[in-house]
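In what follows, a structure is listed as structure tokens, so that the remarks can point back to it.
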Amino acid sequence: MWRRVTSLSPVISTSKPASLDQAASGFKIWRSSFSTETPTLVKDGTTSFKERNPFITFVLGGPGSGKGTQCQKIVETFGFKHLSAGELLRREIDSNSEHWSQMLNTIKEGRIVPSEVTVRLIQQEMESSDSNKFLIDGFPRTEENRIAFEQLIGLEPNVVLFFDCPEEEMVKRVLNRNQGRVDDNIDTVKKRLKVFEILNLPVIDYYSKRGKLRKINAVGTEDEIFEKVRPIFSACDSVKLKRYLKTSRHLRPWKILPILYVSQSISVCQ
Ligand SMILES: Nc1ncnc2c1ncn2[C@@H]1O[C@H](COP(=O)(O)OP(=O)(O)OP(=O)(O)O)[C@@H](O)[C@H]1O
Ligand SMILES: Nc1ccn([C@H]2C[C@H](O)[C@@H](COP(=O)(O)O)O2)c(=O)n1
Ligand SMILES: [Mg+2]
């Protein structure tokens, strides 16, 4: 039976937020070279991204829990725009962007890239997308990620999915993945599991306390798991009605009735 690894020091500290913050990046100099200025959120010179009132889903779970696989199915069925934070970082590395080698080393070590980098990549993708429904996969991985998103984008997720999977199963899936990822090896996966436990579980707990978390047992076939995901998004499909309900001042009874009918399922997404 797989157990959590006991010591990864100095890769990661297990105590105070300040040291976790440092462990999350491991590159103080690298971090300080990024601007912390709030980027402009204005699109088309008129409408800010925030004003588009996008529907945001964060997708969380340990390495190999099936986030990417389920996101693909959600995209096919519900037409969300899928943004994988890990994929965006891998793309940056492949394009030899500035700091690519630090990013590569961070990922090889199973650590977390500074939030400024990741949030900026996510922001660019969101702002340039025509979609208004986003699945942000593998983010936020840390409290620092979460706070950076809130501060830079100015929005919170509408719903947070958490694919809950036993470590043994996650390790098996990662080692069988065969996609040539530099972090799909036993040493890195042990570190990633530890990072998940120390840095990501508190974020999951945060959303649970705020009533936004939808925990899904990620054991079973891909289709079986998707059947647990489906109702969450079937309800969210009615989100436009929720906005209508909120904004319309002159509702007539024949308009209210169908809205009341769906309002129970809508509440799942709030
Ligand atoms: N329910 C499942 N049963 C068995 N294998 C699965 C299941 N879901 C996904 N897989 C396989 O497990 C591997 C990991 O899945 P996936 O890439 O979706 O995980 P992930 O959560 O995105 O992982 P990471 O955080 O490392 O990106 C893939 O090879 C995928 O095909
Ligand atoms: N918010 C994030 C997401 C990902 N990374 C880095 C570190 C992860 O181990 C790696 C792979 O991510 P995945 O594809 O498994 O989601 O990418 C990060 O630093 N910050
Ligand atoms: Mg993935």
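Backbone N, Cα and C atoms are what each Cβ position is placed from, and that goes for glycine too.
Look at TrEMBL and you will find G64, S65, G66, K67, G68, T69, R177, G220 tagged as ATP binding site. Residue density at G64 (ATP binding site): 25 other Cβ atoms are found within 10 A of its Cβ, drawing on all protein chains shown.
Here TrEMBL flags R90, R111, I112, V113, G138, F139, P140, R141, R181, R192 as ribonucleoside 5'-phosphate binding site. Cβ contacts within 10 Å of R90 (ribonucleoside 5'-phosphate binding site), excluding its own Cβ and spanning all protein chains shown: 17. Mapped onto three states, the DSSP output places R90 (ribonucleoside 5'-phosphate binding site) in helix.
The CMP binding site annotation in TrEMBL covers N145. The Cβ of N145 (CMP binding site) lies under 8 Å from the Cβ of I112, S115, T118, V119, F139, V203, each on the same chain and at least six residues away in sequence. Under the DSSP three-state reduction, N145 (CMP binding site) is assigned to helix.
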Packing count at R177 (ATP binding site) (other Cβ atoms within 10 Å of its Cβ): 13
Span of the ribonucleoside 5'-phosphate site, taken as the largest CA to CA distance across R90, R111, I112, V113, G138, F139, P140, R141, R181, R192 (Å, rounded to a whole number): 21
Cβ neighbour count within 10 Å of P140 (ribonucleoside 5'-phosphate binding site): 29
Which of K67, R181, the listed binding-site residues, has fewest other Cβ atoms within 10 Å: R181
